[in-house]
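Enquirer: Okay, so TrEMBL annotates it like this:
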type: DOMAIN; residues: 98-238; note: domain 'Glycosyltransferase RgtA/B/C/D-like'
type: TRANSMEM; residues: 100-118; note: transmembrane segment
type: TRANSMEM; residues: 130-151; note: transmembrane segment
type: TRANSMEM; residues: 194-210; note: transmembrane segment
type: TRANSMEM; residues: 219-238; note: transmembrane segment
type: TRANSMEM; residues: 274-301; note: transmembrane segment
type: TRANSMEM; residues: 313-331; note: transmembrane segment
type: TRANSMEM; residues: 337-356; note: transmembrane segment
type: TRANSMEM; residues: 368-386; note: transmembrane segment
Amino acid sequence: MKISLRYKFFILLLIAFLPRIVGLSKHSIFADEVTWMVRGKGVYAAIHSRIFYYFDNGWWLDKTTSEPIGLPMSFLGGVAMSYLSPGYSNYSLNITKDFIATRIPSVFVGSLFVPIFYLLLRKHIDDKLAFITSLLMSLDPISIALSRWFHQDMALMIFSSLSLLTFIYKKNKITTIVSAFLAAMAILTKPQGFLVPITLIIFSCVQFLTTKKVNIKKFIFWLILTSIFIVLFFPFLWNEPINGIIQYLAIQYTNAVNGQITFFNGNITTNPLWYYYFAIFPFRIPESIFIGFIIGFILTLFGFKKGFIKNSFVQIALIYSILFITVISISSKKLGIRYLFAVWPYIYVLATYGLFKLSDKLKWINKKIFWIVVFVFQVWGIVKFYPSYYLFYNHFITPQKMQNLESIAFCDSVKPAIEYLEPNLYHGIIIMLMGCDSTINYYTGNTIKSVYNVNDNPNYIIEENYDAQLNPNRVLQIENSEYKKIKEIYFRGLIIAKIYQKPSDIQ
């Protein structure tokens with residue numbers, strides 16, 4: 001049965017939307033979400049009130065951290081809070097909490113990306129391959145997780161990939177304008193957005209070498225438009241655009257080189273080895289997708305000899321992926337699989353291509369059964385890891401080895417820990433929690449006082465495994481104190497926290 005393009009669009013949109021919206025409030029609050037809520041409120045208020053000097057000294061100039069600009073999602077989050085959450089504006093509908101409100105734009109943008117990606121992709125590869133790729137990606141646990149956070153990694157992926165695909169979609173001014181706008185949004189999201197114009201420069205060179213034809217006028221027009229959009233939508237650049245960009249990139253580069261403390265392969269480090277992402281990737285994606293990716297990668301290498309490389313989408317995907325992976329691999333700052341997410345669409349295209357070739361070779365297996373098995377692996381990840389999809393890991397690794405490989409479950413234990421302690425909580429109770437203390441009061445009606453040292457005499461200590469890995473001396477201090485361990489919190493085999501109680505409070 002042939003399905004119309006319109007139905008395919010809505011099927012993809014619905015399938016992408018459901019797992020992203022269901023249980024949205026149950027997804028643990030990431031500490032960065034609280035930070036971006038404050039920024040989102042400020043950005044929207046400044047733009048709404050035309051107080052543009054607000055942007056003169058923003059967080060992106062902080063020399064102690066490599067904070068991205070995050071302007072598009074900050075604005076959308078600010079709008080959502082103002083119109084949906086109580087206490088943010090006089091015209092709010094007062095229908096949901098602020099952290100849920102800020103996640104709603106992420107859900108809608110993340111869901112809408114899937115069918116749009118399909119429409120653009122089908123112009124360059126087989127329609128069936130494009131549809132199955134998009135369908136599988138809509139059910140990817142990590143993709144779902146990042147579409148349920150008020151954060152920047154999902155936005156970078158969407159703006160970058162759609163900008164590149166729109167650029168090669170059709171040879172007209174409208175698509176060029178749209179591509180330039182999306183590129184500007186990518187750059188105003190994270191510094192890696194600058195890889196979009198670099199990719200198109202290299203792509204133009206490749207086009208000239210392979211076809212002897214390149215539309216220089218189109219690229220220059222695109223570059224000028226992108227520059228105009230960046231300055232137009234970012235008041236910080238209104239006075240000194242060139243100096244502002246140089247200043248921002250210099251700060252980002254310095255902080256990327258300095259790195260940030262993390263845990264990798266059993267070691268505490270500020271500069272994980274270059275193969276960090278290659279080491280964690282095989283375990284953070286569904287098994288069938290990884291198998292398909294390996295097959296697709298091998299076939300692509302052979303495709304160089306068969307003219308496969310002449311496909312403009314393949315050229316764009318390869319150039320951008322190589323650039324992006326190289327940049328994040330040589331950077332000292334490596335903080336989880338979300339930093340690799342910008343190349344997720346190309347990983348899925350390659351994986352689905354590999355799975356199609358595998359299904360053609362395995363003639364003894366019915367193709368319908370083959371694809372049912374593939375989708376079972378996708379759905380299994382969604383069902384098993386609900387609602388904390390970012391903790392997904394596959395069957396290729398045990399929970400213990402997964403936790404020894406990288407730092408995971410940052411802030412994921414706060415919600416279950418507070419729910420466990422809720423019967424004993426009261427206003428003014430003191431809890432020691434490192435790193436995620438900004439999220440603690442979202443889970444209880446009681447006002448909790450946060451402290452950071454055992455000597456501050458807290459009533460309870462919530463020791464996240466994430467923090468325990470990075471601070472073994474603090475763990476020893478807690479274990480050698482009078483505090484008694486009363487609870488270990490697990491999630492799908494992962495130990496994510498331990499709760500300690502002051503002996504005098506134990507009845």
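From the backbone N, Cα and C atoms, a Cβ is placed for every residue, glycine too.
Model, not experiment: these values are computed from the prediction.
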Enquirer: Excluding the flanking five residues on each side, which residues at least 6 beyond the ends of the transmembrane segment (194-210) place their CB within less than 8 Å of a CB in that stretch?
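Expert: For the transmembrane segment (194-210), the far contacts come to 160, 163-164, 167, 183, 186-187, 216, 219, 222-223, 226, 249, 309-310, 312, 315-316, 319-320, 323-324, 327.
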Enquirer: Could you give the residue numbers and ranges of same-chain residues that sit at least 6 residues beyond the transmembrane segment (219-238) on either side and whose C-beta is under 8 angstroms from one of its C-beta atoms?
Expert: 52, 54-56, 58, 60, 69, 71, 167, 173, 176-177, 179-181, 183-185, 187-188, 197, 200-201, 204, 244-245
Enquirer: Could you check whether the transmembrane segment (368-386) packs against the transmembrane segment (130-151) - three or more CB pairs closer than 8 Å, residues at least 6 apart in sequence?
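Expert: Touching, yes - the transmembrane segment (368-386) and the transmembrane segment (130-151) meet the threshold of 3 or more Cβ pairs under 8 Å.
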Enquirer: What does DSSP give as the helix, strand and coil breakdown of the domain 'Glycosyltransferase RgtA/B/C/D-like' (98-238)?
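Expert: Counts, helix then strand then coil: 114 helix, 0 strand, 27 coil.
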Enquirer: Six or more residues beyond either end and a Cβ under 8 Å away: which residues meet both conditions relative to the transmembrane segment (100-118)?
Expert: 8-10, 12-13, 15-17, 20-21, 24-25, 27, 33, 36-37, 40, 73, 76-77, 79-81, 83-85, 130-131, 133-134, 137-138, 143-144, 146-151, 154-155, 158, 161-162, 165, 345
